[in-house]
Structures are given as C-alpha cells and as structure tokens.
Amino acid sequence: MEESGVVERRVSGVEGMDEEVLAEFGYKQELRRDWGLVHNFGISFSIISVITGITTLFQYGLVTGGPGVMSVGWIVVSAFTMFVALGMAEIVSAIPTAGGPYYWSALLAPANHSAFASWITGWFNLLGQVAVTTGISFGCAGLISTTATVKSSYEPTAGKTIGIYAAVLISHGIVNTFGVHVLRYLNNTSILLHSVGVTSLAIAVLAKAPTHQSAKFVFATFSDGTGADGADGWSIRASPAYVAACGALMSQYTLTGFDASAHLSEETRKASWSAPIGVVSSVGFSSLFGFFVLMSFLFSIQDFDGTVGSEYAQPVLQIFIDIFGDDGAVVLMCLVMICVWHCGLFSMTSNSRMMFAFARDGGIPHFFHKVDDRFQSPVRTVWLAAFLSFCLALPSLGSSVAFAAATSIATIGLYISYGIPILIGLIYHKQFNARKGPFNLGVFSRGVAFVAVAWISFITVIFCLPTANPVTSQTLNYTVVAVGIIAIGSCGVWIISARKWFVGPQKEVQEAQLVRGEEPGALEEAEKVEKV
C-alpha cells in the first residue's frame, strides 16, 4: 500500500492507530474510516433528534401527566440519562467497535459467560434498534399524513399511513445504499437543522404567540387523559404517581439512540476518544435543546383543551395553527418533517452497522456480513433493517396505541442493551479497570454505573405497564409481549441450539491476544498476568 495506508502515531493518550486498535479485537478494517468527532457527535445528535421525540409524542405527554409531568419529567430523565451516557462512554472508549453493547458484554463478562452475555445483549440491541427506526419513520409518516389534511379534503387512514411509512423507509434504504459517500454531508446538514433550525423555530413560536401560559401551568399542571371511552384514568384507578411515571416515556424515548456513536466507531478517526465524547455530548446538548423546545411549545399553548382535542390529533400542529395560521403551520411542519426524515435516515445507518457487526460474529446469519464493493455500504443489513422496521409497524393497522408501544419497545430494548454491559463492568470492575481507555471516570466509575443500572431497571418495568384504561385488545401495551418474545425466545434458542455454535466475538479477541478461552476463567487469569 502507499504511504497513506500506514500512518504512524504514538500509542498514548487519545491517539493511536485505529486499524491497529481494531486488529487487537480480532477484526480488520472493512468500513471506510473518514468520520471525525463532529460527525460522530452529529449522528447521535441527529438520531436523538429532540424535535422528533417531542413532536411525535407530545399528544401522549399531554394526556399522560400533562405539562407538569412533561417539563419536570424532562429534567429528571435528562439527569439520569446522562449517567447512562457516561457509563456507556467509558466502555466505548475501551472497546471502540461497531458491535457496540453486545461486543462490550462479550469482553467484560467472564470467559465462560461471554458468549451468552453477548447473545442476549445483541438481540435486545437489535430489537431496540429496529423499534427506534420504526418509531422515527412511522412518526414521520404520521406527521406527513396529518399535515396533508390542513386546508384539504385528504382523510388519513391506517392503511394510507402505512403506505407513506413504506415510502419513507424505502427512501432511507436508497440513501444508505447508494449515497453512503454523501452521508457525511447529510450529517452536517442534519446538525444544522437540529440546532440552528430547531432553535429558530422555537424562538419564532415564543415570539409570535399572542399569549403565553404561566410558569405554574407549565410546571405544575397535572392532566390525566388515560381513560378511554369515558372510563376513569389511571390516576384514579391507581395513583397520579403511576401516570407521572408512565408520562416519562416522551422524554426517555427522545433521549435514545446515542449508542450510534459506538456503532459508527469503526468509521471514526481516533475512535477511543471521539466516540465517547460523541455519546456524552449528544446527550448533553440534546437535553438542553430539548428543554428549550419543550418550554417554547408548552408556554405557547393558546387553549389547552383545544390543543389536546385538536381535530388534527397532533397538538404541535395545532399550536402552530393557533399562532401562525394554516399556511405558516404547514411551513413549520415541513421543517419538522425534514428533521424527522434525517433522524430516521441515520437511525437506519446505525441499525445496519449493528446488524453488520452482529452477523460478523454469528448472531444473525453470516449472509448479512457483506460490504458492497462498489458503494462501501452494508447493503444487505440496510434492507434487513428496513424490512424488520416495516413489520414492527403492522400492528398499527389494528391498535390505537401501537405507536406508543413501538416507542416503549425502542426505549426498553435499547436501554436493556445499554445496561447489561454497564452492569457487567460494575460487577467485574477489576477486569474492566484493566481495559479502560482515555475516557475514564476514575473513582466515580462504579457510582455512575450503579445509578445507570438502577434507572434502566426502573424504566424497564414502568414502560411495560398499560397506559390506557380499560385494557382491551385495542389499548393493550404490547411492549411486554415484544420484550417477552425477545427475552424468552433468545434464551430458549440459546438453551436449545445457540450455545452449541455461537461463540460471539470473544473467539476473535482470544485469538488476537493469544488467550486460551476453552477453560472457564482463562481470560481473567490472562488479565491478571497483564496487570502484573
């Protein structure tokens, strides 16, 4: 190769040869590595996309706790999510590979449990990745369908929305297939849209609103619209605390997807430093931007009952109409939809990289471990992601709460996959300390990990609970069904078959480090020798 193929760097601090680091984990460089810190931050920032989560779940928030739960809940959720981000950042700094959580679990777990930890984490991460893509792209389709009704005779139906959703997925698939070389530039565009564009939108809403709500309304108003067909809401059947906990979904769903910085680490320069900074900074900036956007919407509500009961069933659109009129509202919704489209695009990018890595390690058929020679893109996993995301949205044809369930599945699936490696690192902290990279929390590491795991455990339970009363086939929160299928199914397949053939990424790591992994505890012993 030419001189450009071998770049000499000092192996210290945040530097080092990325391909050499990747080789230490048993892999060769297959994906094009031309992303920098800004691009790595940008993809997680774009996938978090506060305008996407807030706009698509604003109705859910208004009826599940109301403005008080939405505003205070955002602050609480942002704080705990930062603990998760810090715990993840410390791990990705030590293990910067495209596999992300499932690979971290394999390396951090004892050798005799490595493959199982990797298997379970990988399947939960895959579920969460697919559900996030579903939630984002289906939300985009819903916004398109709803906005089309303004000043027109168009009548949206579940079937029409599914058709629009399919078109959105196809557009994402095409760009990820043929336009991989322009993803960096689209990423830059997305950063501008989600920062300058969304900030300008929020300022315009605040400045143009004829009247503003009081701080008491925004931070202390509780609303329970969880009762269906005249039934009592959950605040009466259970308690207001139950409704408030369920109402945190809007904030928590919005602040998901920051593992994208890890999944793109094999395409990022100086990944051991850039990827963890991408994780933490994307959550930090998104928390601040999101709070500003949320405040601008809540303070600018003109008529609470009219907004909740909007004929468009989209309260953000109603807020825009009340302030800017029909034409102005459509223009602003177009900006929102462009942001949501970019969010879905990069969600599929992250999703496809995770599946590519999982196929490389045998978690899904090896057929999907293929990089197209011409386009330098994992084309097969791009379209696998599109297909699975489409399938996950099909229940919306017969369920009124399907979208909220999809967002719950995304949140739980991803956060469980985040929590497993953090928990393993917490339990086996001595082994983890020996591996740590340049992003190191030091004495705060275990405390941060404990809070992160506790929070993930809490939301896993809460977001499986029913959010509408009474519980019927139409209002069932099928999150618990999807999560249960993955949990029971992956464990069942492991016991029956996978434990006999799935070795996970640990095999490659042990070969690269000349560690004999056949005997339980071999990897730990090798690490003790290295420390000495």
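Keep in mind that glycine also has a Cβ here, set from the backbone N, Cα and C atoms.
Ranges compared are 37-60, 205-228, and TrEMBL records transmembrane segment for 37-60. Listed as Cβ neighbours of the transmembrane segment (126-150) (distance under 8 Å, sequence separation of 6 or more from its ends, same chain) are residues 47, 49, 52, 55-56, 156, 160-162, 164-165, 167-169, 172, 253, 256-257, 312-314, 317, 321, 326, 329-330, 333-334, 336-337, 340-341, 343-344, 347-348, 350-351, 354-355, 358, 363-364, 385, 388-389, 392-393, 396, 403, 406-407, 409-417, 482-483, 486. Counting Cβ pairs closer than 8 Å and at least 6 residues apart in sequence, the transmembrane segment (409-428) and the transmembrane segment (448-469) reach three or more and so form a contact. Through the fold, the transmembrane segment (162-183) approaches residues 32, 133, 137-138, 140-141, 144-145, 341, 344-346, 348-349, 352, 372, 375-377, 379, 382-383, 385-386, 389-390, 393-394, 396-397 of its own chain, all at least 6 residues removed from its boundaries and within a Cβ separation under 8 Å.
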